[in-house]
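Peer 1: One structure, pasted below without further comment.
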């Protein structure tokens, strides 16, 4: 089905669905209009928007007026348009009007919810001087990171501005006052703060001040954690309840932070996210960090992709979380090729805890609890009780027992709370298929720990084979120097991208498991209302945590190389990424501790010290992205819904999506074709020399299995910085037996080297039956 047909089908289904909505069939929509629309009879474009809404046959003006007026938001920077509340009928009528390019339903998205700078080689020690990247960039002091999240807690020491220079002269943002937040809460570190409620309140009703703070102040914790991970100042003696004790510091400790609060108690609305993109780019941010996502849809129907495109056009680097739906394949989100999509990995730090069964079997899990316990054990066979859902446990059976709870249904930490209410004295939270062997440490309210899927099976077997099963728990201090590390986190969403196999997603992985960072007052480390503990720092896991690591690295790279484009920064991170752990072995997948794949880790794990001096980079222009969209069967109208310029694909039939100048190469082979044309694909790439001295690069090739790769030329001589050269890759693949609806993927690589630099591009060959 062509791209135009898919879009039409999507809108038909969407509108049919919204006809059934209650509340007068109203919901919020995002409307994009032509960028070059200049209605002569109106004084400004907003007047045209208003007049158009007034003229809708279904809706007099009074029925579309909100608390914010006619519009929820008006967008002027990353694209032109507005958001408002409409019925499905009104939305259909508006979509047919001249100058209206798209009408998208406003959807709710969710958050993708120290030692990592040291693990990345960015922290100085007696044996290791300050890294070249930190030195060259002055810790990102002239770079602004816009964090689109749940806000910020400005009083945390991670956000002090002592020793920081003046605010960059290009900055145009502001410190918006609101509930418990004044202009005095900003400084030379937090240089901007805004909040966006219109879309959220249009969907959820007026905000409840007891659960949400209507300002940029963080009442959740997620935004404070991600902001301090990206750019927190160094704070000594930081810990969570004594765990992970040490100096907590962000990746770019002198980078400026602008907080854009778009997420609230029940999620984040697309219209508010898009408004934050619009303001952030207009304010002057250099990097946008967004640890939010939803399902994968075509780029022209994804407001995050649309907002990111407009930001990229202005030279802004976008780092986004890949999602936490791993280890299942094709779960990666935020997959537009102009976004840098970040998966999660472990670091060399763990928080071990043991459960010793009555038969003497010792099983090591993970926990942020400290007290030991010995008692009986219990596990239920029903799903609600097995997962320890509220009111599902038999109080007589679990009283005084350690209760084994399967993951799923409720947050991990809430299972201990439910066990406690039922009279249990301890909790073991077990992974279930397909979660595998990955472990996340939690600050349980009662003695508790998490164990792997295989360990959970052993515990259940023991309980089921004994009339009086017993167990004890032992909790330990923080353990560092853990091997192997890094490992791909089992929860990290995996590729390939459902939208385009020709763009490798995720791009890279970065630390995202058990990360210590700043935390607000008034929010418990578990975020449970019954948890009375308070802490200035918390330990959290998710691609939400890996994303700001790359945001901080991008700030450092931008500081070191002010004229690098977003694509050049991503290229530096991808081509220097490593695929072997600290012991020199292939990176493993935490799900099973087998070797991880390219769809698990992208190009590999980020390596900051190499990224600052990558030798060669792959740059991508706006025109390159537009050509990619044409080659991917997006119509001219589809592309106008994404880009700020009109685009026609007529006459561009020879474009191929695999020729986007991406640092990775991915091609598809039709396994049904016969010789001589079967399995022959030609790919072109252009590299830019970013080294200071003239240099000659030679090529080495690792062929994917059942494919032969030839490259012309095999050597490139660069005389000056900024010089570009192209090369052609010819891939000849053997015939491969592939069943319908399945595919076979083999991976090789191209490496350009001058002896000092090794510029590596993954090369994927995908066999499919029919294209």
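Note: Cβ is positioned from N, Cα and C throughout, glycine not excepted.
All annotation found in TrEMBL is predicted automatically rather than curated by experts.
Residues or ranges marked as active site, charge relay system in TrEMBL: 149, 222, 544. The annotation domain 'Inhibitor I9' is assigned in TrEMBL to 28-112. Taken from TrEMBL, the feature domain 'Peptidase S8/S53' applies to 140-580. As annotated by TrEMBL, domain 'PA' applies to 388-458. As annotated by TrEMBL, domain 'Subtilisin-like protease fibronectin type-III' applies to 659-765. Residues or ranges marked as signal peptide in TrEMBL: 1-24.
Locate each feature and note its surroundings.
Peer 2: Same-chain residues at least 6 positions away in sequence with a Cβ under 8 Å from that of residue 149 (active site, charge relay system) are, in sequence order, 111, 218, 222, 223, 226, 227, 259, 260, 261, 262, 263, 289, 290, 291, 292.
Taking the Cβ of residue 544 (active site, charge relay system) as centre and 10 Å as the limit, one finds 29 other Cβ atoms among all the protein chains shown.
Confidence across the domain 'Inhibitor I9' (28-112), taken as the mean pLDDT and rounded to a whole number, stands at 76.
DSSP assignment over the domain 'PA' (388-458) gives 20 helix, 17 strand, 34 coil.
Remark: secondary structure over the domain 'Subtilisin-like protease fibronectin type-III' (659-765) totals 1 helix, 63 strand, 43 coil, with classes taken from DSSP.
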